[in-house]
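Asks: Quick one: structure below, then a few questions.
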Amino acid sequence: MLMVAALLSWFLVGLFIRASKARGWGQPVRKDGPQTHLVKEGTPTAGGVAFVLAMALVFFPLYLSGHAGGERELLIMLTALAMGVVGGVDDWLKIQSRMRGHGKKELLAREKFPLQFLVALVFAWLAAPLASHELVPSLGPVMDVVLIALVMVGSVNAFNFTDGLDGLLGGVAIIVLLPLLALSPVSALLVAVLLGFLWFNAHPARVFMGDMGSHAIGAVAAGAYILYADVWLLPIAAIIPVVAVLSVMIQVISFKTRGKRIFRMSPIQHHFELSGWPETHVTIRFWVITAVATAAVWWLLGARP
C-alpha cells in the first residue's frame with residue numbers, strides 16, 4: 001500500500017499543478033529575499049493539499065479494514081488533517097489575495113496560533129493516556145496535557161518554518177520519520193506520499209508545499225514521537241526545524257529590542273543563501289545534518305530498555 005500511496009500522491013500532485021496553472025494559483029516571492037528566488041514567482045503553491053489528500057484516501061480504507069493500526073493512528077491522522085485545515089486556510093488566503101490583488105493576505109499569528117493550540121489541546125487530552133510515558137512524571141496529568149499541546153504546536157510551526165527551499169522540508173520530514181516507520185502506519189504513509197510530492201518539488205520545483213502540507217507534517221511528527229517513542233527525541237531528529245524556528249524567534253527579538261538583525265534573513269536557510277550558498281547546497285547539507293541527528297535517535301531508541 002505504500003507504493004499505492006506514493007503513486008497516488010504523484011498523480012494528484014501532477015493534477016494539482018495542471019489545475020493551479022490553469023487558474024493562476026501562484027506563489028508570490030519576497031523581493032527582499034534571495035534574488036535567485038525571483039524566477040519562482042508564480043510557481044503553483046499549496047501542493048500539500050494533494051499529498052495530504054492522498055494520505056487520507058489510503059489511510060481510511062486501511063483503518064476501516066483493520067490494517068492501519070488502532071486508535072493512536074486514527075488520532076495522529078485526524079490531528080494531521082485538522083492542522084492541515086488551519087494551514088490550508090492560510091494557503092487559500094494567500095492565493096486569493098494574489099489573484100485579486102487585494103484582501104486579507106494570510107492568517108495573522110494571533111489568529112493562527114489559537115486555532116493550532118485548540119487542535120493541539122484536543123490531541124493532547126486524547127493522547128496523554130495513550131502516550132508511551134508521561135513527559136515529566138512528577139508534574140502530573142494536567143501539566144502533561146499542556147506540555148503535549150505545546151510540543152504539538154511547536155512542531156507544527158517548526159516544520160512550517162523549514163519550508164522555503166526546493167525539496168528541503170520534504171526530505172527533512174522523510175528522514176525524521178524513518179525511525180518510526182515500523183511502528184506508525186501514518187508515518188509510513190506520510191513518507192510514501194512525500195516521495196510522490198518530491199518528484200515535482202525537487203529543484204527546480206514545479207510546485208511548492210504550502211502551509212497545509214507543512215502543518216500536517218509537523219502534526220504527524222509530533223504525534224508519532226509522543227505516542228510511540230520519546231517526545232524528547234523529536235527535537236534531536238528535527239534539529240533543522242528547531243534551528244529554523246529559533247532563528248526566527250532570535251531575529252524578531254533582536255530587531256525589536258536592539259533594532260538589529262542577527263541573520264541576513266530568517267528562517268536560517270535563507271541566511272545561508274544570502275551568504276552565498278547555492279540553494280541545492282543548503283538543502284542537501286540540511287538533509288545530511290538531519291540524517292546524522294536521526295541516526296543518533298535511532299541508536300537511542302535501540303538502546304532503550
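Note that Cβ sites are derived from N, Cα and C of the backbone, with glycine treated the same way.
Pulled these features from Swiss-Prot for this protein:
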TRANSMEM  1-21  transmembrane segment
TRANSMEM  46-66  transmembrane segment
TRANSMEM  73-93  transmembrane segment
TRANSMEM  113-133  transmembrane segment
TRANSMEM  139-159  transmembrane segment
TRANSMEM  174-194  transmembrane segment
TRANSMEM  207-227  transmembrane segment
TRANSMEM  233-253  transmembrane segment
TRANSMEM  282-302  transmembrane segment
Asks: Per the definition of 3+ C-beta pairs under 8 A with sequence separation of 6 or more, do the transmembrane segment (46-66) and the transmembrane segment (233-253) touch?
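Replies: No, these stretches are not in contact.
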Asks: Would you kindly check 1-21, 73-93, 113-133, 174-194, 207-227 and say which stretch has the most C-beta pairs under 8 angstroms to the transmembrane segment (282-302)?
Replies: 174-194
Asks: Under an 8 Å Cβ to Cβ limit, what residues of the same chain, 6 or more beyond the ends of the transmembrane segment (1-21), are close to it?
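Replies: Same-chain contacts beyond the ends: 44-47, 49-51, 53-55, 57-58, 62, 67, 188-189, 191-197, 199-200, 206-207.
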Asks: I'm a bit unsure how to read this: which one of 73-93, 174-194, 207-227 has the highest number of Cβ pairs shorter than 8 Å with the transmembrane segment (113-133)?
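Replies: Most contacts with the transmembrane segment (113-133): 73-93.
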Asks: In terms of Cβ proximity under 8 Å, which residues at least six beyond the ends of the transmembrane segment (207-227) contact it?
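Replies: Those are 13, 16-17, 20, 27, 40, 43-49, 51-52, 55, 72, 75-76, 79-88, 90-91, 116, 119, 123, 127, 130-132, 148, 151-152, 154-160, 162-163, 169-170, 173, 176-177, 180, 183-184, 186-187, 190, 194, 197, 200-201, 233-234, 237-238, 241, in sequence order.
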